[in-house]
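Chemist: Attaching a single structure in structure tokens format; questions to follow.
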Amino acid sequence: MKTVIALSYILCLTFGQDLPGNDNSTATLCLGHHAVPNGTIVKTITDDQIEVTNATELVQSSSTGKICNNPHRILDGRACTLIDALLGDPHCDVFQNETWDLFVERSNAFSNCYPYDIPDYASLRSLVASSGTLEFITEGFTWTGVTQNGGSSACKRGPANGFFSRLNWLTKSESAYPVLNVTMPNNDNFDKLYIWGVHHPSTNQEQTNLYVQASGRVTVSTRRSQQTIIPNIGSRPWVRGQPGRISIYWTIVKPGDVLVINSNGNLIAPRGYFKMRTGKSSIMRSDAPIDTCISECITPNGSIPNDKPFQNVNKITYGACPKYVKQNTLKLATGMRNVPEKQTRGLFGAIAGFIENGWEGMIDGWYGFRHQNSEGTGQAADLKSTQAAIDQINRKLNRVIEKTNEKFHQIEKEFSEVEGRIQDLEKYVEDTKIDLWSYNAELLVALENQHTIDLADSEMNKLFEKTRRQLRENAEDMGNGCFKIYHKCDNACIESIRNGTYDHDIYRDEALNNRFQIKGVELKSGYKDWILWISFAISCLLLCVVLLGFIMWACQRGNIRCNICI
């Protein structure tokens with residue numbers, strides 16, 4: 001029994017002694033990446049829910065609630081529509097010769113002159129809006145044998161009866177209304193817009209009282225077009241005390257062309273022309289207030305920032321705006337895959353690298369080093385690899401924004417009732433475009449997220465391989481993102497590994513010597529178990545030998561008798 005105890009004691013001393021390499025002749029260096037306690041969930045091509053350390057929202061879902069007047073010139077229509085300002089409604093005289101980038105029509109706008117209709121209202125409104133100006137030049141039309149400057153009680157200009165300032169209502173003179181034939185050439189180098197009209201009396205009596213003839217006719221032509229309008233006499237619902245109507249028409253005269261007006265009654269003549277300009281001006285219906293601020297993108301809800309590639313505030317936009325999509329949120333990964341640190345591990349109680357988990361303590365970089373040596377423990381970020389990853393992700397975000405921000409505007413579209421099928425088709429096309437863009441946006445973000453995560457992992461692997469190439473045979477890969485360095489490596493040595501100036505030849509002999517010594521006697525976790533089992537088996541064997549020897553000795557002395565029966 002004393003022999004067994006003695007052998008067990010010897011084995012314990014053997015396996016419990018300090019091993020070579022447990023002293024200050026080695027060090028441990030781990031590589032890791034940033035982690036946060038609670039990451040952000042994003043979508044990738046392969047995974048609908050993957051956690052990353054950081055993500056940027058790509059969808060602008062709110063407006064400022066006000067329209068910024070810079071850098072775009074905003075013209076507030078207040079109580080006037082653009083067409084009323086164009087025609088010269090008395091309460092819209094303040095808009096004469098105005099210019100704009102965006103004309104804002106309000107919901108409380110109203111007409112306050114003779115009731116009218118425009119058969120092609122939407123086209124005229126869009127044409128004038130895109131021109132961006134109400135610059136008007138009066139021309140010397142000669143209307144012989146008729147009375148000019150007709151007025152109406154429905155169109156007061158002060159206390160007196162008035163009319164649209166840009167139109168000239170012609171009526172009979174001394175019971176006569178001769179046939180009018182007037183020409184006006186365009187000798188300038190720009191397009192001219194002429195606005196004219198036809199009066200529709202409510203009764204035959206009113207027709208003859210104003211124009212003598214029982215039925216008038218108006219023909220306006222150029223070399224490229226001709227319009228002939230016959231008045232429709234008949235009573236209509238009373239508007240501002242008038243049962244009659246005026247139909248407004250328009251003609252564009254190109255440079256070198258000529259305008260010809262022929263009529264024997266019912267003509268609402270032009271007083272001149274509007275100078276047409278080419279540009280990207282527009283019009284928008286909105287009740288948002290106009291404020292002094294700066295914004296490139298305007299919607300009916302108000303201005304919105306254009307630092308995001310997508311928005312779901314409004315389909316109608318003006319300026320350099322994010323693309324409209326249906327989604328309320330699309331998150332672009334701007335950080336790496338998040339693997340929260342195991343809190344039970346402790347900082348260096350069992351130091352581990354990026355293969356096991358991330359590090360939550362790194363605030364100055366995405367990638368870094370942790371070490372454990374004779375001088376203690378430490379941590380430092382690797383700024384070069386961090387900056388390389390950040391630069392690529394920032395370029396990616398800027399490319400997405402640049403590709404999707406529109407440098408034009410999505411205008412409002414209006415259709416008359418007879419164009420209902422066209423309106424339905426237009427709506428279908430717009431809805432289809434939005435569906436496609438929404439799908440493309442989600443796919444684009446998922447692809448970019450996948451690439452970002454792969455990129456971040458790649459930078460981590462590059463840093464690990466760079467460190468491995470530096471250390472060579474002086475260290476061993478521990479399989480968890482760490483290296484066991486087989487030579488004394490103080491803080492200066494660790495720093496040289498981090499900054500790429502480490503010279504493995506200096507430490508080569510020491511590392512090889514320590515590696516052989518440690519490998520000769522080092523007990524790794526797997527071998528310790530085997531040796532413990534072997535020592536236990538030897539102890540049991542020795543115990544059995546001693547017990548068997550005791551039995552044989554006792555039998556020889558006669559103290560024990562053994563009977564074998566067959």
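Heads up, the Cβ atoms here are built off N, Cα and C, so glycines get one too.
Heads up, here are the entries from Swiss-Prot:
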type: SIGNAL; residues: 1-16; note: signal peptide
type: TOPO_DOM; residues: 17-530; note: topological domain 'Extracellular'
type: CARBOHYD; residues: ASN24; note: N-linked glycosylation site
type: CARBOHYD; residues: ASN38; note: N-linked glycosylation site
type: CARBOHYD; residues: ASN54; note: N-linked glycosylation site
type: DISULFID; residues: CYS68-CYS293; note: disulfide bond
type: DISULFID; residues: CYS80-CYS92; note: disulfide bond
type: CARBOHYD; residues: ASN97; note: N-linked glycosylation site
type: DISULFID; residues: CYS113-CYS155; note: disulfide bond
type: CARBOHYD; residues: ASN181; note: N-linked glycosylation site
type: DISULFID; residues: CYS297-CYS321; note: disulfide bond
type: CARBOHYD; residues: ASN301; note: N-linked glycosylation site
type: DISULFID; residues: CYS489-CYS493; note: disulfide bond
type: CARBOHYD; residues: ASN499; note: N-linked glycosylation site
type: TRANSMEM; residues: 531-551; note: transmembrane segment
type: TOPO_DOM; residues: 552-566; note: topological domain 'Cytoplasmic'
type: LIPID; residues: CYS555; note: S-palmitoyl cysteine
type: LIPID; residues: CYS562; note: S-palmitoyl cysteine
type: LIPID; residues: CYS565; note: S-palmitoyl cysteine
Chemist: Along the topological domain 'Extracellular' (17-530), what average pLDDT does this model show?
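Modeler: Averaged over the topological domain 'Extracellular' (17-530), the predicted model reaches a pLDDT of 86.
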Chemist: Cβ-Cβ under 8 Å from CYS489 (disulfide bond), same chain, 6 or more residues apart: which ones?
Modeler: THR26, ALA27, LEU29, HIS371, ASN373, ILE497, TYR507
Chemist: In DSSP terms, helix, strand or coil for CYS113 (disulfide bond)?
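Modeler: Its secondary structure by DSSP: coil.
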Chemist: Other than its own, how many Cβ atoms are within 10 Å of the Cβ belonging to CYS293 (disulfide bond)?
Modeler: 12
Chemist: Using a 10 Å cut-off, grab the number of neighbouring Cβ atoms around the Cβ of ASN38 (N-linked glycosylation site), all chains included.
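Modeler: 8, counting other Cβ atoms within 10 Å of ASN38 (N-linked glycosylation site).
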Chemist: Just give me the nearest neighbour of CYS555 (S-palmitoyl cysteine) among the recorded positions ASN38, CYS113, CYS321, Cα to Cα.
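Modeler: Smallest Cα separation from CYS555 (S-palmitoyl cysteine) among ASN38, CYS113, CYS321: ASN38.
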Chemist: Would you mind ranking the disulfide-bonded residues CYS68, CYS155 by how many other Cβ atoms sit within 10 Å of each Cβ and giving me the lowest?
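Modeler: Relative to the other disulfide-bonded residues in CYS68, CYS155, CYS68 has the fewest Cβ atoms within 10 Å.
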Chemist: Which one is it, among the recorded positions ASN38, CYS80, ASN97, CYS293, CYS493, that lies nearest to CYS321 (disulfide bond) by Cα separation?
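Modeler: Nearest in space to CYS321 (disulfide bond), counting only the recorded positions, is CYS293.
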Chemist: Based on Cα distances to CYS493 (disulfide bond), point out the closest of the recorded positions CYS68, CYS80, CYS92, ASN301, ASN499.
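Modeler: Considering only the listed recorded positions, the nearest one is ASN499.
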Chemist: CB neighbours of CYS493 (disulfide bond) within 10 A?
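Modeler: Taking every protein chain into account, the count is 20.
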Chemist: Would you count the other C-beta atoms found within 10 angstroms of the C-beta of ASN54 (N-linked glycosylation site) for me?
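Modeler: Here the count is 18.
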